Amino acid sequence: MIWHVQNENFILDSTRIFMKAFHLLLFHGSFIFPECILIFGLILLLMIDSTSDQKDRPWFYFISSTSLVISITALLFRWREEPIISFSGNFQTNNFNEIFQFLILLCSTLCIPLSVEYIECTEMAITEFLLFVLTATLGGMFLCGANDLITIFVAPECFSLCSYLLSGYTKRDVRSNEATMKYLLMGGASSSILVHGFSWLYGSSGGEIELQEIVNGLINTQMYNSPGISIALIFITVGIGFKLSPAPFHQWTPDVYEGSPTPVVAFLSVTSKVAASASATRIFDIPFYFSSNEWHLLLEILAILSMILGNLIAITQTSMKRMLAYSSIGQIGYVIIGIIVGDSNDGYASMITYMLFYISMNLGTFACIVLFGLRTGTDNIRDYAGLYTKDPFLALSSALCLLSLGGLPPLAGFFGKLYLFWCGWQAGLYFLVSIGLLTSVVSIYYYLKIIKLLMTGRNQEITPYVRNYRRSPLRSNNSIELSMTVCVIASTIPGISMNPILAIAQDXLF
């Protein structure tokens, strides 16, 4: 009898929860329409996978790519609408959030064709791979629009769980298993630290969880300059630091980059930084409004350490993926300059512009690494020697993307860094910008060292891997080369479209 009553109560509670969720989705679903498209794509993938055979594999790529493209289209149609707070204050829709969501969707759209040949050659499970990519994209999009502490915690956890599974996707690879274990342990520790910081912020504000209400709560409780806020700032900075991976929170990055499947690394290297940057700007700028001097100082230290350590250690690397891991640590140091400057001197606009260019430069480089790795089976930098003699297109594409990452004119990286450093200089960050300029010169050195190897034509320097280099007969080869071509073009000819890009970035503020 007791069991029967408990069962009825459980059914009633479940029904109420379902009706509440249905009510929220019915009245607020239009505010997350791009996200709903991805959810529909996920459900469709699961349905087709459970009712089809291996011959329908092309449909999986088509559904995933189409859902991402439609989601981008829906996002563009919503551009310039009035800011809206929905789901009882949990989610905010505005231009600033939407442009970061657009960048995440763009990353995922380019990463799927980049993964096709790799999946076919390694015989990875395709459906689960695409499901994890789409779910991680969904988590990143929700993080960009998160407006309360609970959503800011849950959304990155959705992204992180998929990231752990993707990094260990090749279960038979010992390096992949090692990378996954390090990533999981450090990710779990960082999440715990982040939640602890949120608890201090929650208590100091009098029990508020919405970002703007936290500010009002701190004013009402007179706790905005209390030690509790300083403790919250330190813990939250450490927690976000592991997501952004600046020095000294970068320990997991090289191992995960080296051990994970290359398309997964390409995906994580850009989407995680875009989503974490969007979240960091809102957390630091709104709840810690009264502690701006303190978090500016903390971020300046992180930026300096990242730019110096990332670029110096990258010089000594022998693996392309580890080199790009340390390079990404240096790159996030440049992005932090934009976060520090804020919207007073177009800091956010410069950060958004640079991240757009960074996506094309980084994904273009990883596309080249995927192709070379599949055709030779190596990742060693020295094994790239003489690639120009066998595949001029791949060698030139790699060279252009690397030069753009280094910031040489007239490539995209130059304009992105120029705008970013100029905004930092105008904001009075002279020392930070000087460090950025010096470390950019250092990065050009190790990029040029690789390009010299690519272009060498002397037989004694050409490695056996390049001598036996053969193009892949797979049709899917076209998809990865298409993705690579798009990234290379976006990395090389930004001067024509710089003014519209800057105008859009300047509009995408709070």
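Each Cβ is built from the backbone N, Cα and C atoms, and glycine gets one as well.
Taken verbatim from Swiss-Prot:
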TRANSMEM  24-44  transmembrane segment
TRANSMEM  59-79  transmembrane segment
TRANSMEM  99-119  transmembrane segment
TRANSMEM  124-144  transmembrane segment
TRANSMEM  149-169  transmembrane segment
TRANSMEM  183-203  transmembrane segment
TRANSMEM  229-249  transmembrane segment
TRANSMEM  295-315  transmembrane segment
TRANSMEM  323-343  transmembrane segment
TRANSMEM  354-374  transmembrane segment
TRANSMEM  395-415  transmembrane segment
TRANSMEM  418-438  transmembrane segment
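Taking every listed stretch (59-79, 323-343, 354-374, 418-438) in turn, the largest tally of C-beta pairs under 8 A with the transmembrane segment (99-119) is reached by 59-79. At the 8 Å Cβ threshold, with sequence separation of at least 6, the transmembrane segment (418-438) comes into contact with the transmembrane segment (323-343) through 3 or more pairs. The stretches the transmembrane segment (229-249) and the transmembrane segment (354-374) do not meet in space: the count of Cβ pairs below 8 angstroms, excluding pairs fewer than 6 apart in sequence, stays at fewer than three. The stretch from 149-169, 183-203, 295-315, 323-343 with the most CB pairs below 8 A to the transmembrane segment (354-374) is 323-343. Counting only same-chain residues 6+ beyond the ends of the transmembrane segment (323-343), those with a CB under 8 A from a CB of the stretch are 244-247, 250, 253-254, 256-258, 265, 269, 273, 277, 280-281, 284-285, 296, 299-300, 302-307, 309-311, 313-314, 317, 349-352, 354-355, 358, 362, 365-366, 369, 381, 405, 417, 420-421, 423-424, 427, 429, 432-433, 436, 439, 443, 446, 450, 509-510. Sequence-distant contacts of the transmembrane segment (395-415) (same chain, six or more residues past either end, CB-CB distance under 8 Å): 327, 331, 353, 357-358, 360-362, 364-365, 367-368, 372, 384, 387-388, 440, 443-444, 447-448, 450-451, 454-455, 484-485, 487-488, 490-495, 498. When Cβ-Cβ distances below 8 Å are used as the criterion, the transmembrane segment (295-315) is approached by residues 233-234, 237, 241, 246-250, 284, 288, 323, 326-334, 336-337, 339-340, 429, 432, 435-436, 439-440, 442-443, 445-446 of the same chain, each at least six residues removed from its ends. For the transmembrane segment (59-79), same-chain residues at least 6 beyond its ends with a Cβ under 8 Å from one of its own Cβ atoms are 33-35, 37-38, 40-41, 44-45, 48-49, 52, 93, 95, 98, 101-102, 105-106, 108-109, 112-113, 116, 126-127, 130, 133-134, 137, 479.
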